[in-house]
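TrEMBL has this to say about the protein:
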type	residues	note
DOMAIN	90-243	domain 'Ferritin-like diiron'
BINDING	107, 145, 191, 225	Fe cation 1 binding site
BINDING	142	Fe cation 2 binding site
């Protein structure tokens with residue numbers, strides 16, 4: 001069966017507002033900022049094509065909630081032109097920046113103390129390799145925390161300012177407690193102090209309405225601090241039970257090879 005296609009121009013032939021026509025009549029479009037193109041008339045002269053008039057988009061829209069082109073103007077004015085000023089900084093106060101730098105210093109100081117503990121227990125006349133391993137790993141972890149804070153400081157457009165670090169103790173032997181228990185109690189105190197400083201940092205963020213900094217501290221540090229405090233508290237309790245004698249060696253072996261060797 002052969003099909004005969006009708007001329008395309010016939011599709012444009014309208015005789016009014018017929019239900020079957022493709023376009024409404026010209027009279028119905030006259031109030032909608034539409035114009036009729038005279039170049040698309042059919043042979044009968046009754047067909048018209050409707051097109052948008054030139055001034056159809058000149059009227060302002062009503063009920064617009066967000067106008068990015070207007071609201072971005074204030075942000076454009078805030079983009080710094082000085083090379084020394086961060087381009088990424090937004091809603092980041094000087095107080096938050098200073099608090100982060102203080103926390104970086106706390107983490108580095110705690111790492112330094114842990115490193116001194118590692119050096120003590122690694123001596124040939126102390127030779128508690130498990131404790132040395134534990135405190136070395138703790139030192140690395142605290143330094144990683146400091147570096148994470150430094151990365152966040154740069155991400156928010158702040159400036160990292162490293163401060164002085166105090167010289168830690170070099171001797172950890174205690175007359176009554178011994179070196180292992182005394183060092184572990186000191187570690188527990190350091191973890192609690194670090195947690196308190198982190199809570200202070202979070203309070204600064206909350207005071208400055210810095211939601212991003214608040215989320216960063218809570219998600220990256222606080223839960224980990226609670227776990228560390230719990231673990232070291234158990235180590236302190238165990239060392240108090242074993243005393244200063246042979247039990248310290250077994251505890252040290254647990255730290256060196258893993259808790260599964262202890263029955």
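Including glycine, each Cβ sits where the backbone N, Cα and C put it.
What TrEMBL says about a protein is an automatic prediction, not a curated fact.
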Taking the Cβ of the residue listed as 'Fe cation 2 binding site' as centre, how many other Cβ atoms lie within 10 Å?
23
What residues, ordered by sequence, lie under 8 A Cβ-to-Cβ from residue 145 (Fe cation 1 binding site) and sit at least six positions away in the same chain?
107, 221
Distance between residue 225 (Fe cation 1 binding site) and residue 142 (Fe cation 2 binding site) at the Cα atoms, whole Å?
11
Cβ-Cβ under 8 Å from residue 191 (Fe cation 1 binding site), same chain, 6 or more residues apart: which ones?
225, 228, 229, 232
Including all protein chains shown, what's the count of other C-beta atoms within 10 A of the C-beta of residue 225 (Fe cation 1 binding site)?
18
Around the Cβ of residue 107 (Fe cation 1 binding site), how many other Cβ atoms lie within 10 Å? Please give the count over every shown protein chain.
24
Which chain neighbours of the Fe cation 1 site, leaving out 107, 145, 191, 225, have a Cβ atom within 8 Å of the mean position of the site's Cβ atoms?
106, 110, 141, 142, 194, 195, 198, 221, 224, 228
